[in-house]
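Undergrad: According to TrEMBL, the feature coiled coil maps to 69-96. Residues or ranges marked as domain 'Cytochrome c' in TrEMBL: 107-186, 192-295. The heme c 1 binding site annotation in TrEMBL covers Cys120, Cys123, His124, Met270. Taken from TrEMBL, the feature heme c 2 binding site applies to Met163, Cys206, Cys209, His210.
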Amino acid sequence: MAEHNPFPGENNTGHVWDDNLRELKNPPPRWWMLGFWASLLWVVGYSLLYPTWPVGQEPTQGLLGWSQMKEYEAGMAQVEAKRAKFEDQIKGMSADEILADPGLKQYTLASAKVLFGDNCSACHGSGGQGNPGYPVLADDDWLYGGKTAKITESITIGRQGAMTPHKDILTAAEIDTLAKWVVQMAETNGAGGSEEGWNLFKTKGCTACHGQSGNGILVELPNGDIVTVGAANLTDGIWRFKPGGYESAKHTITYGVNQATVPESRNAVMPAFGATGQLSDQEIKKLVVYVHQLGGGQ
């Protein structure tokens, strides 16, 4: 081939096509070759020192015995060791006692924020602002009581409100009148409301849950606490189901709440996080402190 090379003075292989297309001899620079061989040596060294090659169900362990899982577990052990003194203290304290201790309160709020994000924010929002159709926890309106004992009860055994659908009890005109009356009551803090609306409210069974004045029935417990029975206060302008207003009130009156036989019924079920074992007593206690602080507590 070299005898027929038309470019004898050129550093090529002697392979020529179509008269002038040829293969040149241009090897990589020495530094590049050194780097290439060094990288091969690095690969061999890495595979010997760290987990690399799959063998059966597990990779080779490496001479150093290192793994990401071991590093993670060691890091978590350090974190748990730092938490231990706080967790041990909390274990023997009530939620009220934690609230009275500034240091433990700060730790508990920081710890509970993660729990709230994992278990509560899907319904109540990341800041307790309440997603559409779910209660706001960042205000001072407590449907079932805002003291730590009642919050503990709500988280532990859950809540399931109920309201009778009135689509077969009231006429369309009566539902319309009652829905407008609810809006008027909310806008005037209970001072307004048409006479016709008041008559319907008092004669159609509404007072049994919402009280004679529409502000909910309050019950005094043996310990002196005053709590509601879970029926909404119609005079404070706070809407259980967002967005509020005439259409919202009309829908709730018509189809009720938590009625299995009425597909259009409002859904208002709070899971029982304690009864189902989803959260431990310690985790519930932390969430009680967190939720109590979100709404200012009672």
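In case you wondered, yes, glycine gets a Cβ from its N, Cα and C as well.
Worth saying up front: this structure is predicted, and the values here are computed from it rather than measured.
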Undergrad: Any idea what the Cα distance is from Met163 (heme c 2 binding site) over to Met270 (heme c 1 binding site), rounded to a whole Å?
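TA: Distance between the two Cα atoms comes out at 15 Å.
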Undergrad: Measuring Cα to Cα, how many angstrom lie between Cys209 (heme c 2 binding site) and Met270 (heme c 1 binding site)?
TA: 19
Undergrad: Can you tell me the CA-to-CA distance separating Cys120 (heme c 1 binding site) and His210 (heme c 2 binding site), as a whole number of Å?
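TA: One finds 27 Å between the Cα atoms of these residues.
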Undergrad: Between Cys123, Met163, which of the binding-site residues has its C-beta surrounded by the fewest other C-beta atoms within 10 Å?
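TA: Checked Cys123, Met163; of these binding-site residues, fewest Cβ neighbours within 10 Å: Cys123.
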Undergrad: Any same-chain residues 6+ apart from Met270 (heme c 1 binding site) with CB under 8 Å of its CB? Would you list them in sequence order, or say none?
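TA: Set apart from Met270 (heme c 1 binding site) by at least 6 residues yet with Cβ under 8 Å, we have Ser154, Gly158, Arg159, Gln160.
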Undergrad: Kindly state the mean pLDDT of the coiled coil (69-96) in the predicted structure.
TA: 92
Undergrad: State the Cα to Cα distance, in Å, between His124 (heme c 1 binding site) and His210 (heme c 2 binding site), rounded to an integer.
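TA: Their Cα atoms are separated by 24 Å.
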Undergrad: Around the heme c 1 site formed by Cys120, Cys123, His124, Met270, list the extra residues of the same chain whose Cβ is within 8 Å of the site's Cβ centroid.
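TA: So the extra residues in range turn out to be Asn119, Ser121, Ala122, Tyr134, Pro135, Leu137.
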Undergrad: Would you mind listing, in sequence order, the residues at least six apart from His210 (heme c 2 binding site) in the same chain with a Cβ closer than 8 Å to its Cβ?
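TA: Phe201, Gly216, Ile217, Ala231, Ala232, Asn233, Leu234 - these are the non-local Cβ neighbours of His210 (heme c 2 binding site), listed in sequence order.
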Undergrad: Per the record, heme c 2 is bound by Met163, Cys206, Cys209, His210: how many Å separate the farthest pair of Cα atoms?
TA: 11
